[in-house]
Amino acid sequence: MESKVSFNQLKQFPRLMWIVLFGDLITRGSFYMVWPFLAVMLYKSFGISATQVGLILSGAAVISVFIGFFGGALSDKFGRKIIMFSAGSLYVISFVLLANVETVAGYVIVIALCSISKAIWDPPTQALVSDILPDVQVRELGLQARYFVINVGCAIGPMAGVYIGITGQQSGFLVTAGAFALWMLLLAYGMRHFARYQANRQANQQANQQASQREIEAKNEREVQQEAAKQPQDSESKTTQKASYKPKSNMLDTLKILAKDRVLQCLIVANIICKFVYAQMDSTLIQYLTRADVPELMKLISSMIFANAAVIVCLQFVLLKIMARLSLTSRIQVGLVLLALAQVWMAINPVTAFWGWIGAVVILSIGEAILFPTMNVHIDRLAPTHLRGAYFGAASFYYIGFALAPLGGGAMLDFLGGAWVFVIAALLVLLVMYLYSILDTLTRPNFAEAEKASSRARR
């Protein structure tokens, strides 16, 4: 399916969507002032090995992935707001604690809390974007725009951190906590405004329907009088039922549907591997460079993060326009080729070649600009409307790849050496390309029948 995204569709974004985008910008910017340097902090403060650092980061992330799935599914049942604000409160508390811990055990606990809260937060937030943008093309632009502003934050954050002197400083986590608290306040306002907007729109629609009904009744007065004896009670009952009914997905029914969706399952496996490969840049590469005593390490790390985000900011929408006629899976295949090339480049790059690392990151970033926004659009297209939260929650299993990357990459770094990490990563990308090539041959459940069965069971 080709895209027909136009920037004129930005006018269709409600105020709540702009608040989501602004919040993504400030929270990711503050996050990337400090979080990428967490492995460096742990190594320099406690002298622990690459495998131990990986175990700390991976252990927390693996737990959070499974919790994230249920966060998405529960948001379908209880609503986005209550799940998002519960997770957001935990997120703020976690980063305040992270700015004050002084022991390895303290880091382990608080990093786990940070990962869990983020995992619960993300699926309902992605589903919220889909909820407030009903048009498919506008929704694709919204998902692309969200990924764009996240990377603007990633580009600004490290450089701003260096400028104000908090890069690699533990106190910098307080900035992240403050930014997230501000976002929650803005979201509370935005959700209230959007609810009023929806209520007014529904009231106008109802008023128009009533006006049309009165015209029909005037033309058919005799028929209305004949039916008057039995119609009011039935009409009132139906109206009450319609107003009070709010479809909610049953967790067991949701799990049954997900278990039958072979396309989703194959997609999850492929994207877990893809995220594992990509995350080597965030975790293993930084540890590799740290242990190799690369000169100007902080400058190199900040420059790579900036280059990564700057490429995405500059090229994401250009690439979207160029590749608009390609199907989603074809776009992803192109991105995977670039991801594999970047891994090969990193495997052969001399460890002290500053610009060589930047070049590899540029190639990887072009692939990322194609891959990750398209993955979000892909899951949105797969998800039935009543199960968006569950499908975005299931997509959080992708992050098992991110979760295992520090541990797997750290172990490979300790036992095989840095070059082998990226050779193996390149081979894994070939496996992902194969999995994407077989998606069209796999089966999916009949969502209409499943929804009817679920509705009958709820009665």
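Heads up, the Cβ atoms here are built off N, Cα and C, so glycines get one too.
TrEMBL annotations: computationally assigned, not manually curated.
TrEMBL annotations:
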COMPBIAS  214-225  compositional bias 'Basic and acidic residues'
DOMAIN    16-444  domain 'Major facilitator superfamily (MFS) profile'
REGION    206-245  region 'Disordered'
TRANSMEM  16-35  transmembrane segment
TRANSMEM  55-75  transmembrane segment
TRANSMEM  147-166  transmembrane segment
TRANSMEM  172-191  transmembrane segment
TRANSMEM  263-281  transmembrane segment
TRANSMEM  301-320  transmembrane segment
TRANSMEM  332-348  transmembrane segment
TRANSMEM  354-377  transmembrane segment
TRANSMEM  389-409  transmembrane segment
TRANSMEM  415-436  transmembrane segment
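Long-range contacts of the transmembrane segment (263-281) within the same chain: residues 304, 308, 336, 339, 343, 346, 361, 364, 368, 371, 375, 378-379, 382, 391, 394-395, 397-402, 404-406, 408-409, 421-422, 425, 428-429, 431-432, 435-436, 438-439, 442-444, each at least 6 residues beyond the stretch ends and with a Cβ under 8 Å from a Cβ of the stretch. In summary, the transmembrane segment (16-35) lies against the transmembrane segment (147-166): three or more C-beta pairs, each 6 or more positions apart in sequence, are under 8 Å.
Proximity of distant same-chain residues to the transmembrane segment (415-436), defined by a Cβ-Cβ separation under 8 Å and at least 6 residues beyond the stretch ends, is recorded for 266, 269-271, 273-274, 276-277, 280, 284, 288, 292, 329, 332-333, 336-337, 339-340, 343-344, 346-348, 351, 409. Per-residue confidence over the domain 'Major facilitator superfamily (MFS) profile' (16-444) averages out at a pLDDT of 80. Non-local neighbours of the transmembrane segment (147-166) in the same chain are 21-22, 24-34, 36, 172, 175, 298, 301-302, 305-306, 308-310, 312-313, 316-317, 372-373, 376; each lies 6+ residues outside the stretch with a CB under 8 Å from one of its CB atoms. Same-chain neighbours of the transmembrane segment (332-348): 274, 277-278, 280-281, 285, 323, 326, 356-357, 359-361, 363-364, 366-371, 374-375, 378, 419-423, 425-426, 429-430, 432-433, 436-437, counting only residues six or more beyond its ends whose CB sits under 8 Å from a CB of the stretch.
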